[in-house]
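Data first, discussion second: the structure below is written as C-alpha cells.
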C-alpha cells in the first residue's frame, strides 16, 4: 500500500514551472529519499503534500486519502519538518511542544519527547529566540515526532545539525522505521540517502528523472581504474588505452580510466604491459548522481 | 471551540493587548477625569462659539453639547476612542495571517491538525475577545472617572456612545481581515491597519470643512454614527449598526475565503 502517491503532479507559479508531472509512489514502511540540487522542486512537491500550496494539476494521495480537499485531521498521522523551521520567538521549546501536543489531542508528558530530547542533547526550557539554527532544527524534530505519526515528511532534515547529531538522527530514523513508520525525506546530500534510504527519486528542473532502489544505482558496473605502468610517462597512445576508455587521462604519472561494462577485458588489456601499481574502485553515489545529472543535462 | 488556538493567540498578542489597552484606558481616564474643567469653563465655550462649525465638526467639538458630561464625551473623547481602538483593531486583524507568513511561523501553525478556517476563525474570535475586553474596561473607566470627577446624567447615553465606537472598531477589524491573507509583510499590514483608520478619520474631518466635500463622509467609518444624535436620543441608528457589523462579518468571510484558497508562500 502507498503512503504517498502522486499522479502527474504539476505546479506552475504563473508562467514559471515549479514541478511538472511528478509521479511518486512511496510504499508504507520504507525510507524514501527525494534527491536533487537546490531549486530542483523538492520543497514545492513537499509543500503540496502538506497542502500549503495547491497543485496546478494532478492528484495526490497521502495515507490513502485524496488531498483534493483540505485534510486537516489527516495531519495527526503526519510529522512534517520543513527545511527552514521557525517557531514563536517568545515561547520556550517546551511551550511550543505543548502547543503542538494539544493540537494532536495528546499531553506532552505522555510522549517520548523527553527521551528524544536527551538523545539530541536539547534543552527545552530555553526561549526559541535564544536557539541556534541547529537547536531550532532539534526542536523541529521533536515536534515532528511527538505524536508518533505513521508518516514522516522531512525537508532537508539535517541542515544545521552537526555531524554527530546527524549520526544520532539517522539512527533514530532507522529505529522509527523499524516500528513501521514511513519516512519520506528530501536532501541534496547523497551520503545521507546512501546511509538510510531503501529507494530514491531523483528530481531535476522540476521533473523526476529516475526512481529506483539505492542498491540498484550502486550496482552500476562502472569502475574507475588508476594504473601506473612500470615504464614512466604517458602510455595512452603506446598501449592503446583509448580502446578501453576514449576519455582516458594521464595525470601525475597515473592513468585514469573509466570502464562502463565488464572489467575483465580492460584488465586483460592493461596487464599485457608491466604494471607498477593499480587500483580499482566503485563510484560513490555522489559520482553516479553527478554523472547521471550531466548525462541528462547533455540530453536536453 | 479550540482553546489551544485561543490560548496561543492570546499569548502572541499579549504585549500589544496590554500596550493598546493601557493607552486607550489612559486617554479615557484623562478625558473623563478632566471633563468638568471644560464644561465649567465659560471662556472655552465662548471661544468655541466663535469658531466655524465645520472646524468644530472636524475635531468632534460642538459648543451646544459641551454643557454636559455626555456631550463632552461625544466630542474629542469619542473621536480618540474610535481612532485608537480602531487602529489597534485594524492592526490586529491585518497582521493575523500576514504576521505568520512574515515571521515564517505559518509553516508550523498551518500544518498542525487544524483546518485553515478553524485557525482563521479562532484568530478572529480571540481578537473579538480582546477588542470587547478593552471596550468594556474602557466603559468602566469612563463611568468611574465620570462619576468621581463630573456628573453623569444619562449613563445610557455614554454606553451607547461607547457602543458606537466599539462597532466602528469592529468594522476596521473587518477591513483588516479582508486584506490579511493577501499580505506577506507584517510591516505592510501594520501600516495598512493604521493607514485605513487615519484615511477614514481624515475623510471625515475634511468633509466637515466645506459643503462641497461632504461626500467624503460617505467613505468614512467615523461618520457612521451621528454623536449629536446619540447625545440627544440615546440610541444608535440602525443603518450605522448594520453597516459596521456588515463590514466586520463581510471582512471575516472574504478574509477566510482568500486564506483557504491561496498558496501559503513564505
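A Cβ is built for glycine as well, from the same backbone N, Cα and C atoms used for every other residue.
Automatic prediction, not curation, is the source of TrEMBL annotations.
Marked as transmembrane segment by TrEMBL: B:16-39 (among others).
Here TrEMBL flags B:78-95 (among others) as transmembrane segment.
Tertiary neighbourhood of the transmembrane segment (B:128-152): same-chain residues 6, 10, 13, 17, 20-21, 24-25, 28-29, 31-36, 39, 69-70, 73, 77, 81, 85, 88-89, 92, 158-159, 162, 165-166, 169-170, 173, selected by CB-CB distance under 8 Å and a gap of 6+ residues from either end. TrEMBL lists B:128-152 (among others) with the feature transmembrane segment.
Residues 69-70, 73-74, 78, 81-82, 85-96, 124, 127-128, 131-132, 135, 138-139, 142-143, 146, 152, 189, 192-193, 196-197, 200, 221-222, 224-225, 227, 230-231, 234-236, 240-241, 243-245, 247-252, 254-256, 258 of the same chain lie 6+ residues outside the transmembrane segment (B:158-179) yet bring a C-beta within less than 8 angstroms of a C-beta in it. Positions annotated as transmembrane segment by TrEMBL: B:158-179 (among others).
Per TrEMBL, transmembrane segment is recorded for B:188-206 (among others).
Counting same-chain residues at least six beyond the ends of the transmembrane segment (B:241-260), those with a Cβ under 8 angstroms from any Cβ of the stretch are 93, 97, 116-117, 120-121, 124, 167-168, 170-171, 173-182, 221, 224. Annotation source TrEMBL lists transmembrane segment at B:241-260 (among others).
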Is the transmembrane segment (B:16-39) packed against any residues at least 6 beyond its ends, judged by a Cβ distance under 8 Å, and which are they?
10, 66-69, 72-73, 76-77, 80-81, 84-85, 88, 91-92, 130, 133-134, 137-138, 141-142, 144-146, 148-150
